[in-house]
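Structure first, then comments.
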Amino acid sequence: MSLVQKGQVLRGLELSALPTDLQVPVTGVLDDCLCDVDSIDNFNTFKIFPKIKKLQERDYFRYYKVNLKRPCPFWAEDGHCSIKDCHVEPCPESKIPVGIKAGSSNKYLKVANNTRELEDCEQASKLGAINSTLSNQSREAFIDWARYDDSQDHFCELDDERSPAAQYVDLLLNPERYTGYKGSSAWRVWNSIYEENCFKPRSVYRPLNPLAPSRGEDDGESFYTWLEGLCLEKRVFYKLISGLHASINLHLCANYLLEETWGKPTWGPNMKEFKRRFDPVETKGEGPRRLKNLYFLYLIELRALSKVAPYFERSIVDLYTGNVKEDADTKTLLLNIFQDTKSFPMHFDEKSMFAGDKKGAKSLKEEFRLHFKNISRIMDCVGCDKCRLWGKLQTQGLGTALKILFSEKEIQKLPENSPSKGFQLTRQEIVALLNAFGSCGKRGPLFIAVRGPLTIAASLVAEHSLQTRRLSSCGSRAQLLRGMWDLPRPGLEPAFYKYKRVTEFQSLITTQ
């Protein structure tokens, strides 16, 4: 039973759009693992998310290089969205830290900034020694093939960071939110992802795409009956895509373009849109399942962070930006996060996947990888630049997590003081992984909120309202609001800490 009973509305929140009877039951143990929803909630809220948020503000993780001009490889795109809020503002060259700007895509040390170019030259030299008659074009082709061999463990198609079309974007200045991009273009993207890349028996005619206008007769529980009949790997694939979709939708609902007056946009929560996508009645019972799939996505990315820790614990990895002190602090914070992820007691067991007949398991793993890689290419078909930016980042982050989970042997063999050819992460992958995980964890407070009015105070909805409508008049109380969901104070259990914080919050807002 919630500490704040159903039907009560917290005074001072000014959330008139919030229906007091909205309840989306997201509880219990997740399918295909032994972890429960409440354990993830507590772990994320009180241990991980505050640190991840700080990490995302560091220079190494806030600047993401991306090519938003790559053409759609599957169909003729109608053109980019003309809505101004779809626009992404690239970062001026002068704002990029020198260490990031000068570094190559898969190096982290100052001394290694030009290693990629030297490797290319050495590779070309070796090829030329074999056949001095090779043309420059042929040598480039051989080098590209060598790089292709190195990318066989990739679950995503990475942007070429050396392309003139690739630009640095400040993620803090280009937040993920609803921009007005919708209609046939957005539907086509998700339809292609679900219907052409998720696994399902040919005998099933029900659309996987939740945006599809009709479910036909094969609706409701029958859908999950055949889903449970699929092998673990194919169920995991569907849940990850569904969780990714839910993650994106939750953030759009929490930061929605409500109105625009005299050229000034007003952003805020749109609970009507939230109900349309997640309410059990309006979604015929599927809303809570979608939210559970988001928990599953979080669990997979959490597991990847715990597994990749040895890669970053090596002295050779510096997360170099050129600012020696900040670089050291950033790595210390990152390693601290890794230690926290290792302490989580109910990780997903990735060894249960691709564990049968070796030949069949290898074939299925490759099919799994190629399907996901195809989805990463579909992100270049998104018509809204801001949606494309965050779609590419989140997809690449999840793809990097999958790459980590299935590279355990290579990670265990990493040399301490030299680069490894068996397992590498580009800076692009590192930035995407941590920001995707942070983005996924940020959804937590929003969908925890709809399980009961109590935790509305912890939600993105409340956070937005507080930041934009209350802080300016709070005076000395502003610090309490900003620190509402910091780490728990020593000696306080999470449940009591939650109660104490919300009690403070209620006391504060009722005095305004």
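Positions of Cβ are set from backbone N, Cα and C atoms, glycine also.
Quick look at what TrEMBL lists:
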- Cys384: active site, nucleophile (ACT_SITE)
- Cys387: active site (ACT_SITE)
- Arg177, Thr179, Trp190, Ser242, His245, Arg277: FAD binding site (BINDING)
- Cys81-Cys86: disulfide bond (DISULFID)
- Cys384-Cys387: disulfide bond (DISULFID)
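Features recorded in TrEMBL, as mapped to the structure shown.
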residue	record	CB count, 10 Å
Cys86	disulfide bond	19
Arg177	FAD binding site	19
Thr179	FAD binding site	21
Trp190	FAD binding site	19
Ser242	FAD binding site	23
His245	FAD binding site	21
Arg277	FAD binding site	20
Cys384	active site, nucleophile	23
Cys387	active site	25
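Using CA atoms as reference points, the recorded positions Cys86, Cys384, Cys387 were checked against His245 (FAD binding site), and the closest is Cys387.
Rounded to a whole number, the C-alpha distance linking Arg177 (FAD binding site) with Cys387 (active site) is 8 angstrom.
Using a 10 Å Cα-Cα cut-off from Cys86 (disulfide bond), the recorded positions that qualify among Trp190, Ser242, Arg277, Cys384 are Cys384.
The separation of Cys387 (active site) from Trp190 (FAD binding site), Cα to Cα, is 13 Å. Binding residues for FAD (Arg177, Thr179, Trp190, Ser242, His245, Arg277) extend across at most 21 Å, taking the greatest CA-CA distance. For the residue listed as 'active site', the nearest of the binding-site residues by C-alpha distance turns out to be Thr179; the candidates were Thr179, Ser242, Arg277. Each residue contributes its Cα atom, and for Ser242 (FAD binding site) and Cys384 (active site, nucleophile) those atoms are 21 Å apart. The CA atom of Arg277 (FAD binding site) is located 21 Å away from the CA atom of Cys384 (active site, nucleophile).
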